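Presented below is the structure to which this report refers.
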Amino acid sequence: MKNSADITVLGAGSYGTALAISLASNGHKTLLWGHDPVHMQTLAQDKCNQAFLPGIAFPDCLQIEADLAKALAASNNVLVVVPSHVFGSVLEQAKPLLRSDARIVWATKGLEPETGRLLQDVARDVLGEQYPLAVLSGPTFAKELAMGLPTAISVAGTCPTFTNDLVELLHSPKRLRVYANDDFTGLQLGGAVKNVIAIGAGMSDGIGFGANARTALITRGLVELTRLGEALGANAATFMGMAGLGDLVLTCTDNQSRNRRFGLALGKGCDVMTAQAEIGQVVEGYRNTKEVFTLAKRLGVEMPITEQIYQVLYQGKSPVDAAKELLSREKKSETPAQ
């Protein structure tokens, strides 16, 4: 079937819109779909997403499409950019409308709610084995990407041809560098765990612990991410790249991160509901914390930072008490014998 668009993006929030703008700025005809018809009508009229990316005009190659069937019929390349807790339900909606030659990539960062499963497992459960799958991950703030500021990400998938095609679609010498990666599991995991650690970094700064504590938390958070990744068969080297260290540093150190700002509010004494309300958008790390904690427990992987953040978010522990417990842990070598 012939494409009338180069790619369809599902999800018209800040990140989905930013990726659609970036693709269209490359000269690729891009369709953007969202679940709210009123919001989509506003985007079409304004030629801008004033709610999430005010003042950034849509390129001519970006078209708004409120009809999911038409959006999915237009292209075999489908980029899903929705919160992790609705990822499965969006795929369920899309399934009967997908073309037989469809190829599915997502930029959603997270795990399945309650179970902590990777999104590739959710996608396979919903869609079966017939479609190539891929994931985009890396240090990307939506506003900077949409503005065309230099950014780098990684892509990995089940089909090398699809991965290479995505690199060609996304890569732009002026705005976006894209690295191919063969670690499908590692890229998915990095995007979820970094959200958890970013909440911890925000809490540390909110308490007033300073740069030393923040840096220690990021470093040990990377250790936890790598430990969990290796238990799932991921390549440890992945976590020194864009989807690991890169995304972790970005999210933990810049207040554009909702997860970091959420942690800051908690560290300054806000309760969970008040802190979420202050952000005003989805804080992926709130759910990710429970998902990552569940996964680590199931695999028997020690993740003390994640465990303390879980206790703050879901068991009412104060951030100060969580910090005290981490600091009072048994002394151990930084590089334990293998």
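Placed from the backbone N, Cα and C atoms, the Cβ positions cover glycine too.
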In Swiss-Prot, S14, Y15, H35, A142, R258, V282, E284 are given as binding NADPH, so which of K109, K174, K317 is in that site too?
K109
Given that Swiss-Prot lists K109, G138, T140, D247, S257, R258, N259 as binding sn-glycerol 3-phosphate, which residue among K70, K194, K297 does it place in the same site?
K194
Out of H35, K109, K194, R258, which of these binding-site residues shows the lowest number of other CB atoms within 10 Å of its CB?
H35
Based on Cα distances to N259 (sn-glycerol 3-phosphate binding site), point out the closest of the binding-site residues Y15, H35, A142, V282.
V282
Looking at the binding-site residues listed here (H35, K109, A142, R258, V282), whose Cα lies nearest to that of D247 (sn-glycerol 3-phosphate binding site)?
K109
Secondary structure at H35 (NADPH binding site) (DSSP, helix/strand/coil)?
coil
K194 (sn-glycerol 3-phosphate binding site) versus V282 (NADPH binding site) - Cα distance in angstrom:
15
Indicate the candidate from S14, N259 with the smallest number of other Cβ atoms within 10 Å of its Cβ, considering only these binding-site residues.
S14
Taking K109 (NADPH binding site) as the reference, which of T140, K194, S257 (the binding-site residues) have a CA within 10 A of its CA?
K194
